[in-house]
Amino acid sequence: MSDDARDYEELGLVAGLEIHQQLDTETKLFCESPTELREPEEATHTITRELHPTRSELGELDEAAMEESRVDRTFEYLAYDTTCLVEEDDEPPARIDEEALEVAMSIADLLDADVVDQAHVMRKLVIDGSNTSGFQRSMLLAQNGEIETSEGSVGIVDVMLEEESAQRVEETEEGVRYSLDRLGIPLVEIGTAPDISTPEQAYEAAEHIGMLLRSTGSVKRGLGTIRQDVNVSIAEGARVEIKGVQALGDIRDIVANEVDRQVELLEIRDELDARGAAVGEVSDVSEAFADTDSGVIRGALDSGGKVTAVPLYGFDGLVGREIQPDRRLGTELSDHAKRAGAGGIFHTDELPAYGVTEDEVESLREAVDAGEDDAVAIVAAGADVADQAIEAAADRARSAIEGVPEETRGANDDGTTRYLRPLPGAARMYPETDVPPVEPDPSEVETPELLTERVERYADELGLDEGLAEQVAFGRRMVLFEEAVEAGVDPTFAASTLESTLTELSREGVDVASIREDALLNTLLLVEDGDLPKEGVNPVLTALAEDPDLTPEDAMEEAGVGGVGEDEVREAVQEVVERNAEQVEEEGMGAFSGLMGECMGALRGQAGGDLVSEVLREEIQKRA
Amino acid sequence: MNPGDRVRVDHDGATDEGVLMPTTDEAHLVLKLDGGYNVGIAREGADVELLESDVYDVEEGEAGGGEDSEIEFDEDLPTVALVSTGGTIASTVDYRTGAVTARFDAEDVLRAVPELAGRANYRGRVVADILSENMEPSIWQELARAVEEEIEAGADGVVVMHGTDTMQYSAAALSYMLDTPVPIVFTGSQRSADRPSSDNVMNAVCAVEAATADAAEVMVCMHATPSDDDCALHRGTRVRKNHTSRRDAFETVGGEPLGSVDYEAAKDGQGDAAGVSFDSEYTARGEAELAINPDLATDVELVKPTPGMDPAAWDYLDGKDGVIVEGTGLGHVHTDLIPRLEELVEDGTTVAMTSQCIEGRVCDRVYDTGRDLLDAGVVEAGDTLPGTAKVKLMWALENARNPADAMGRDLAGELTEESQPWT
């Protein structure tokens, strides 16, 4: 089944996007800590915590949170010399960061959304440990916006300003280790209406929103700083929320693959319906595997565990049916079993295999009274896990008879998705009593210039050529470029240095990312003021990349460039002219180009060509 | 239109639907949208239409969430009385102020902390439902009587759920009022129970295990570190809240805690003192005979002289039964204030000296000011904490033959005879 084969309109594809973008503010949303990321090795101390689900304001318990809490886990947090008690959940939050609020309002403005009269900070229950508090602070800031795409307009339902979660470092024996550097960085969440009707439109909408976000000049750039979630459903299917699409380019595949999955699941449903399929009772089938040589099962039995099974009447052949590239209905059952702590499931569509013999499959079928039209799924694990995991798999099989289950899925790198958890509901919201509501005033916010408008202005007003204008405007150093031009640096020189030169150096293996922004700006100013010849820019930047703590002046010394004043230049030029006195007297200015090369050589790039040629001209004139 | 109603609001050309939430904000109405977010909409210019009445019982929402837990008696388990005075261990949002308030009874605590189940047979009891900053000495007396009745009725240990602001005062009060044959363990939470990260679960679990242990002391059981790893058991008269917000705010001043509870071990406990260990001497279970002496003199003040203080601030001390001075350094006041204290003593007020240093013992024999204070009739309270000294004097004035003398002696572990370096 290929993508072009799908008629998305006929299938009733409805998709929406949720875009999360980190803001590049000075401090975090609810404390004064910086928003810079740290290396786990830099941690100064750790704290360990547990989380317990709590009720919402309306007294409800959230299903996703309950499922999370069934697993007893301890979370470890890495804290740094920049971590404060708010991040450690040992102090109430400060007031909302003004800078973040302003950036979020300008984003709302670009999305044509209306800022609310009064924003209430809510606690969104999340107990997977990614927030030390057990909730993410989030506020609804604006509603009812709209963007245009070539396939029609897409509504913006809401714009939220919220806290970024802690970075997951690794799984530990007891639970998960997180790093507190990312926790609390301001994050804007943009939710579109389900107005998207093709994978291509999903991509276009996401790309456009990304452009709007970057137009503010105040969003973080780089891997993980923007994340896309996609909501997908088709007619008769169900709303599935796909989390964590990291690369924009993956969106088309993710949407198309999810449509395929739902189409396949609906076909499986129809088939199961026709066969009168049913899910039987869960039972202990350890006996059927008493003498097994299957490594997984043997291991479980030998360490006091058991094998549990559920008969899937009428499922034969369907559990092994592919519903996404290399993912089967059985994979879905397995995903659910994994959530309950098991390594996965085996099912009769794939057995005998994995060391399980034909005879064992026979005894298994007998044990659960499954005929040849039926399938059987089994879990081998510790006793408690085996019981819970097989129930989880059985539940998933039951929903296969109903059709497509609503759920939250995670994006895999290959464009497929895996089950994560039930859809979180409104039940996870609780007011954040530690932060009073704010009345945001959007009237003070200036509408940022769009990057697309910026490209035009750079070309028309600053005289950059189209390609360079686009590179700078969409590039990471757009704000720095504006600052440089403001400070009087020649626009074309600034743009080509910040884009072409840095790219060139980066290709040569220079770590340009480590050069500080103020050092870049000052280097440009040194050239503008004539203190550094353009020829010295590359060596200076290279020196700055090697030691980011240097000032550009120190770097000039380090690289042995510049620092040669007009007097030294004149001395060197006079020497050259003296040496070639005869030629100068004969040819006059005609000797210029020959001597120019000699002068530049004598100065070894330590002085700019403009200065050298000016002095040389003067010296020849004196002689002629 | 009432809170809990589902409504539609038209404003500024936009329309929102949701459940009306309670608020005291006159300028805005607060709507809970279907996604769960609350949003404030300016009342002016807003057109509100009722869609359905009483969709939610918002006032009762929180407490009414669960079924009553079926509590069965298990004769293999000890009996622990849970006595609640309110506070953040069992609190919920208050729509009047928007802040957190307390309104739970002991059974709600069991519902809020299911981890307590299976450790003991619980007897629940509510003495008060207040934030601990609103504590009154009369409630200490009610609390002492309630605890006495619970022990009389067969409790093997008592856990007192208390707000953290004034927990140390209540713990001190019970230390003086009660002779107890069983542990009396105060606990609470620094981070409110309405958050998944609340320290209430671990503190409560550790407190229940401590209540089934061997030390028949009045103790405070709270986090020992910022991590969910150990709880410290502090003597009720030596403990002080030393941080506004951290989980490990409570510390034993001038020494090591009485003991600790290892949470990992306590989690698997069954009311068998799991994870509890003691590092200091204590009165063992059953050693003391149950007795209660709840009388208190309420006319006692704790005052703190500071540079530039208006001496008139101490005019109101006229006629008080007792005054605790939280003096500077070794136990001093401005020389000009000494005659004032002398007057008070002559009028029959018991005046005792403690120190703002918190750590260490007062000694008024070293400098002239101190000697003048002693001559004025001020008594030294040794290394007794100022807050504890106030509670002690309230109690001593009614229960000790010579209150002034009692302030210089140890009655309930509040005062050490010699200063042993411990750090």
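The backbone N, Cα and C atoms fix where each Cβ goes, and this holds for glycine too.
Because TrEMBL annotations are produced automatically, they should be read as predictions rather than curated entries.
Annotated in TrEMBL:
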DOMAIN    B:1-51  domain 'GatD N-terminal'
DOMAIN    B:80-262  domain 'L-asparaginase N-terminal'
ACT_SITE  B:Thr88  active site
ACT_SITE  B:Thr164  active site
ACT_SITE  B:Asp165  active site
ACT_SITE  B:Lys241  active site
DOMAIN    B:299-405  domain 'Asparaginase/glutaminase C-terminal'
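Neighbours of B:Thr164 (active site), defined as other CB atoms within 10 A of its CB across all chains, total 25.
When the Cα atoms are compared, B:Thr164 (active site) and B:Lys241 (active site) turn out to be 8 Å apart. Neighbour count (other Cβ atoms within 10 Å of the Cβ, all protein chains): 17 for B:Asp165 (active site). Long-range C-beta contacts of B:Lys241 (active site), restricted to its own chain and to partners at least six residues apart, with a cutoff below 8 Å, comprise B:Thr164, B:Asp165, B:Met167, B:Gln168, B:Ala249, B:Phe250. Mean pLDDT for the domain 'Asparaginase/glutaminase C-terminal' (B:299-405) in the predicted structure: 96. Applying DSSP to the domain 'Asparaginase/glutaminase C-terminal' (B:299-405) sorts its residues as follows: 44 helix, 20 strand, 43 coil. Across the domain 'GatD N-terminal' (B:1-51), the DSSP tally of helix, strand and coil residues reads 0 helix, 30 strand, 21 coil.
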